[in-house]
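Per Swiss-Prot, these features apply:
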{"type": "ZN_FING", "residues": "15-57", "note": "zinc finger"}
{"type": "BINDING", "residues": "C20, C23, C43, H48", "note": "Zn(2+) 1 binding site"}
{"type": "ZN_FING", "residues": "58-108", "note": "zinc finger"}
{"type": "BINDING", "residues": "C63, C66, C86, H91", "note": "Zn(2+) 2 binding site"}
{"type": "COMPBIAS", "residues": "109-120", "note": "compositional bias 'Polar residues'"}
{"type": "REGION", "residues": "109-130", "note": "region 'Disordered'"}
{"type": "COMPBIAS", "residues": "121-130", "note": "compositional bias 'Basic and acidic residues'"}
{"type": "DOMAIN", "residues": "306-348", "note": "domain 'CCT'"}
Amino acid sequence: MLKQESNDIGSGENNRARPCDTCRSNACTVYCHADSAYLCMSCDAQVHSANRVASRHKRVRVCESCERAPAAFLCEADDASLCTACDSEVHSANPLARRHQRVPILPISGNSFSSMTTTHHQSEKTMTDPEKRLVVDQEEGEEGDKDAKEVASWLFPNSDKNNNNQNNGLLFSDEYLNLVDYNSSMDYKFTGEYSQHQQNCSVPQTSYGGDRVVPLKLEESRGHQCHNQQNFQFNIKYGSSGTHYNDNGSINHNAYISSMETGVVPESTACVTTASHPRTPKGTVEQQPDPASQMITVTQLSPMDREARVLRYREKRKTRKFEKTIRYASRKAYAEIRPRVNGRFAKREIEAEEQGFNTMLMYNTGYGIVPSF
């Protein structure tokens, strides 16, 4: 829209403000990024109110120190808008100036920059107010509102002030408090999980304050209780007299636990024979030997035993006798008396016919014939 023209300013004119690029009569007060032009108030209102596209141009005011460059930072201590060169020059003069808090200046869009000057000052003050956030004028439109919020989300730091409007200098206070709350919640969570684990393992909780009674459960068997006692041995040092409860509600006052003698609360009197218990190292659990593993270790032979067995087997094989053994003598005797036909066992009918034939022969001949089987 506008074309920036070069301004040849001599060394003697460096102290004067830069003139407007349009009228060249008034000092410039606004810099338009879209047109790359320095404009005065009247020219800015005339140019950027022509149409809606021109009203969306982003403009910033000119540096209040040199009045020859667009302002980039707002110094809260000096309440001045400075360009990059003037900001580095002013705030590097002494250590006190380095502590001034500066915030970037956002471009402003609208029909007239002069009508938005008050809004711009209010928005800059709101940026540094801890109880408010960045205020975006509704006249900027949806696009300007979105851009301003996006830039403010990563450009503007969070500044904290106390009631006397003084900077407390602790920018990490909120993060530190959040960290403390997180640690306390994690400690509470760990304590809750630990107490629940103790309840599940039948280990009574201790309050570490004075004498207390320790309820014990006797529903489990002796072996299971001993196993649980070996698995859960915590390094808890305490000294007090324990009072034991059984299932019937009776109290057993005979058990006394000392902080120098034991480091774990016993679960029942069935596994506790004396008041002192040897403390086992952490992470060690005594397991009962497996019978199957014992049998496997017994059946495993050494090479010498195996060689001796092989030799005995070979000697026994040399003297082996291949004889026919009779397993059932009664069956053998019955088989011998059964009739046979051509070497095979005959049926009862054939046997009866042969017996009748033999009887007839004996009657005819007058003497008996001994049959041969």
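Positions of Cβ are set from backbone N, Cα and C atoms, glycine also.
Taking every protein chain shown into account, C20, C23 are the binding-site residues, and of these the Cβ with the most other Cβ atoms within 10 Å belongs to C20. One way to see the shell of the Zn(2+) 1 site is to take the Cβ centroid of C20, C23, C43, H48; the remaining same-chain residues with a Cβ within 8 Å of it are D21, T22, N26, C28, V30, A37, L39, C40, M41, S42, D44, A45, Q46, V47. Within the group of binding-site residues (H48, H91), the Cβ with the highest number of other Cβ atoms inside 10 Å belongs to H48. Taking the C-alpha positions, the distance from C23 (Zn(2+) 1 binding site) to C63 (Zn(2+) 2 binding site) comes to 20 Å. Of the listed binding-site residues, namely C43, C63, C66, the sparsest Cβ surroundings within 10 Å are found at C66. The two recorded residues, H48 (Zn(2+) 1 binding site) and C63 (Zn(2+) 2 binding site), have Cα atoms 21 Å apart. Apart from the site residues C63, C66, C86, H91, the chain places the Cβ of E64, S65, A69, A80, L82, C83, T84, A85, D87, E89, V90 no farther than 8 Å from the centroid of the site's Cβ atoms, the recorded Zn(2+) 2 location. Counting only the Cα atoms, the space from C86 (Zn(2+) 2 binding site) to C43 (Zn(2+) 1 binding site) is about 26 angstrom. The two recorded residues, H91 (Zn(2+) 2 binding site) and C20 (Zn(2+) 1 binding site), show a Cα separation of 28 Å.
Between the CA atoms of C43 (Zn(2+) 1 binding site) and C63 (Zn(2+) 2 binding site) there is a gap of 18 Å, rounded to the nearest whole number. Mapped onto three states, the DSSP output places H48 (Zn(2+) 1 binding site) in coil. C20 (Zn(2+) 1 binding site) sits 14 Å from C63 (Zn(2+) 2 binding site), counting Cα to Cα. Around the Cβ of C86 (Zn(2+) 2 binding site), a 10 Å sphere holds 22 further Cβ atoms from the protein chains shown. Within the domain 'CCT' (306-348), the DSSP-based counts of helix, strand and coil residues read 23 helix, 4 strand, 16 coil. For the zinc finger (58-108), the model's average pLDDT works out to 88.
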